[in-house]
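Have a look at the structure below, then the notes.
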Amino acid sequence: MNETAPSPTAPLRARAEIDLAALRANVRTLRALAPGAALMAVVKSDAYGHGAVRCARAALDAGATWLGTATPEEALALRAAGLPGRIMCWLWTPGGPWQEAIEADLDVSVSGMWALREVTRAARAAGVPARVQLKADTGLGRSGCQPGEDWAELVGAALAAEAEGLVRITGLWSHFACADEPGHPSIAAQLDLFREMLAYAQARGVRPEVRHIANSPATLTVPESHFDLVRTGIAVYGISPSPELGTPADLGLRPVMTLSASVALVKRVPAGHGVSYGHHYVTPGETTLGLVPVGYADGIPRHASGSGPVLVDGKWRTAAGRIAMDQFVVDLGGDEPEPGSRAVLFGPGDHGEPTAEDWAQAAGTIAYEIVTRIGTRVPRVYVNEEPGTSTATTTTTTADPAGTATAAGPAVTADTGKRSGT
Ligand SMILES: *Cc1c(COP(=O)(O)O)cnc(C)c1O
C-alpha cells in the first residue's frame, strides 16, 4: 500500500494505470442497483491488485459506507492509513490480532465457537465490546457456521457474550457459491436457508444492524439478495464477474486497471528462428520480434504462453513462445515500432486493447485472478484521483504509441455512473 505513486507520464518499464474516476463511477452504478442497501467495497488483496488505500478512499468518496477485507492485517492497515467508517474482515485464524481489531473498531466475523471464545477474551482485555458478525454457511461449504445445532450453539453463546457486554452482534451474514451462474438452483436454496437462519437468530433476540449475502454477481443479478448491505469486489474494479453475465459495458461498469509495458527491443530475425525458452515458437518467415518486459514475476500468467494478447502499435499480437519470469516476445510480422512504444496487455478495451477477460480466457482462468496477481514490481499509477474528476469512455487515451502522453485525460465530461444498467 505505497502512498507515493509515479506520475502518469513517467517512462516506466511497466505500469498498471488505475483510473479512480472509473472506480467511483462503478460504485455509483452499483449503489443505484441496490438502492435499499448500503455498499461495502471489498478491498482485500490490495484491492484486487489495484491498491487498497487509494481504492478504498475513492470508493468512500463515491458513497460506499463499508470496506471489507479478508484478513485482519489488511483491515488494520486500512485503519492505520486513516480510513474512517466501518471496516469488516472475515478470514481469522486462531491467535489472530483480535484485541488490535477491537481497538481499531473493526467488525470481525465469527464462524465458530473457537473464534467467539478468542474474541470475547480479547474484548475483556480491551475493555470495549467487540463488533461481531456471525457468519452462516448457507451452502457454500467453506467458512461459516453450519445450520442446526451448530448455529443454535453459536447464536446462544454470542447472545450470552452480548448480555455480558463483551460483544455487540452487529451483523448476520453468508456468502454465495454460484451467484455467477444465473438461475443456478443453489442461489434460491441459499437464500431460503439464509432467511431461516436469520429468523432463528432474530427470534432468539439478535438485533443485527446489517444482514448480507450478496457479492458482485448477486448484486448485479439477484435483487432479492441485497438485504441491508451488498459486498461488491470485482464489479467495483469494473470487471464482469463472469462472461455469462455480460461484458462490463453491458453491466454499466468500466475496467479500472490498464496494464502496459514499454517495448524494450525491436529486431529483425530470419525465418526458422526459435523464440524464448523451449523454442515453442519458431518464426515462420523473416519477421520482426518485439520484447515486452513483463513476465510471470509480474503476474503475467505463464499459462498464456502462445496465447496472451497485447496491443502494439495498433495491432493485436500474441505472446510468441514461453512467457518467462521477466519478459516475453511478440512476433511483429515485419512492423518496426519504436522501442519505448506502449504494449498494452489489457485495459477497458475501447481503444482496441485486450481486456483482463481476454487474458483470463488465454490462461484458462478468471479475470479476478489476472488483475489480483499483478505483482508489486509493477508500479500503480493513479489517474483521476480527485473526486470531482470523471472519465469518459470516448476520450481516455490509454493506448499511446509514443509512450509519452498523459495516460488518461483527467476531468473530462461524460459520467459513466449515469449509465447504470439494470
Ligand atoms: C471476495 C469476497 C466478496 C466479493 O466478491 P466479488 O465476487 O468480487 O464481488 C464478498 N464477500 C466475501 C466473503 C468475499 O470473500
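Including glycine, each Cβ sits where the backbone N, Cα and C put it.
Computed from a predicted structure; not experimentally measured.
Under a cutoff of 8 A between CB atoms, and with a sequence separation of 6+ in the same chain, the neighbours of Lys44 (active site, proton acceptor) are Gly68, Thr69, Ala70, Thr71, Glu74, Gly233. Under the heading active site, proton acceptor, TrEMBL lists Lys44 (among others).
Taken from TrEMBL, the feature active site, proton acceptor covers Tyr277 (among others). The local packing around Tyr277 (active site, proton acceptor), expressed as other Cβ atoms within 10 Å of its Cβ over all shown chains, amounts to 12.
What TrEMBL lists as substrate binding site is Arg142, Met325. DSSP classifies Met325 (substrate binding site) as coil under the three-state reduction. Other C-beta atoms found within 10 angstroms of the C-beta of Met325 (substrate binding site) number 13, with every protein chain shown included.
If you look up TrEMBL, you'll see 388-415 marked as compositional bias 'Low complexity'.
Taken from TrEMBL, the feature domain 'Alanine racemase C-terminal' covers 256-383.
The secondary structure of Lys44 (active site, proton acceptor), as reduced to three states from DSSP, is helical. Annotation source TrEMBL lists N6-(pyridoxal phosphate)lysine at Lys44.
Taken from TrEMBL, the feature region 'Disordered' applies to 385-422.
Looking at Arg142 (substrate binding site) and Tyr277 (active site, proton acceptor), their Cα atoms lie 39 Å from each other. In the predicted model, residues of the domain 'Alanine racemase C-terminal' (256-383) average a pLDDT of 98. Cβ-based neighbour count (10 Å, all protein chains) for Arg142 (substrate binding site) stands at 10.
Shown for the domain 'Alanine racemase C-terminal' (256-383): DSSP residue counts in helix, strand and coil, namely 23 helix, 44 strand, 61 coil.
Note: the CA-CA distance between Tyr277 (active site, proton acceptor) and Met325 (substrate binding site) rounds to 11 Å.
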